[in-house]
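Please read the structure below before turning to the comments.
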Amino acid sequence: MARGCLCCVKYMLFLFNLLFWLGGCGLLGVGVWLSVSQGSFATLSPSFPSISAANLIITLGAVIMVTGFLGCLGAIKENKCLLLSFFITLLVILLAELILLILFFVYTDNVSENARQDLKEGLALYSTNNNAGLRNAWNTIQTEWHCCGVNGYTDWHTALQEKVVPDHCCQDIYQDCGRNATNQFWTRGCYEKVEEWLDDNKHLLGTIAMCVLVIQLLGMAFSMTLYQQIHRSGKKYEA
């Protein structure tokens, strides 16, 4: 009976982490593709040039892959050392998420103001060489979200040092439309649009966050259950 419970928990944990590992592989592949094909894709912040969409996805994918690998190997080998490492890894990730969340809510105003200022400074890189990723990111954001600049279209006047905006700020996009009358531009800033979108989708984002939390807690519960089952059965892990 005990052995049957052990096998059940073992294979549940293995399948759980196999899906986890495959998801990490997928994210890592997407991150590498973005890095190779788009360069510094979506590197909107000049203060943190390494924080790009590609690098964030690669880092996230690598962490998920390593965590999933520890869980898979620990489960299939019934190795207490690996299972404990898996549990500790998930616990550290969970604590880091909670700390970041608390800091974000405590310093929301400071984070928001610094983000606005940093993004405005990043607009100056729009027309520079080797920043195709940044240009593509801003062009996509302004076209899809019907916005212009960080706080408004005048941000571009300061950044580009002349009274023009990128053509993707125009309500009807055509060559050099950014040099025409301002009544043809989207007037709302993109930062405001993003804040509005986050507010409109806060319930969806909260649900996703809860799902991630449940997955982490399940992984920790499965690993500790299997660890205890192995410990009680007296099985020694291999060095």
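Backbone N, Cα and C define each Cβ position, glycine as well.
Per Swiss-Prot, the features are as follows:
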CARBOHYD  N110  N-linked glycosylation site
CARBOHYD  N180  N-linked glycosylation site
TOPO_DOM  1-12  topological domain 'Cytoplasmic'
TOPO_DOM  34-55  topological domain 'Extracellular'
TOPO_DOM  77-85  topological domain 'Cytoplasmic'
TOPO_DOM  107-203  topological domain 'Extracellular'
TOPO_DOM  225-239  topological domain 'Cytoplasmic'
TRANSMEM  13-33  transmembrane segment
TRANSMEM  56-76  transmembrane segment
TRANSMEM  86-106  transmembrane segment
TRANSMEM  204-224  transmembrane segment
Report summary line: On the topological domain 'Cytoplasmic' (1-12), the mean of the pLDDT values is 71
Query - Number of Cβ atoms other than its own within 10 Å, given for N180 (N-linked glycosylation site) - result: 14
Query - Number of helical, extended and coil residues in the topological domain 'Extracellular' (107-203), per DSSP - result: 61 helix, 2 strand, 34 coil
Query raised in the report: Hey, what's the Cβ neighbour count for N110 (N-linked glycosylation site) at 10 Å?
Result: 9
Report summary line: N110 (N-linked glycosylation site) to N180 (N-linked glycosylation site), Cα to Cα, whole Å, comes out at 36
Query - Tally of DSSP helical, extended and coil residues in the topological domain 'Cytoplasmic' (77-85) - result: 7 helix, 0 strand, 2 coil
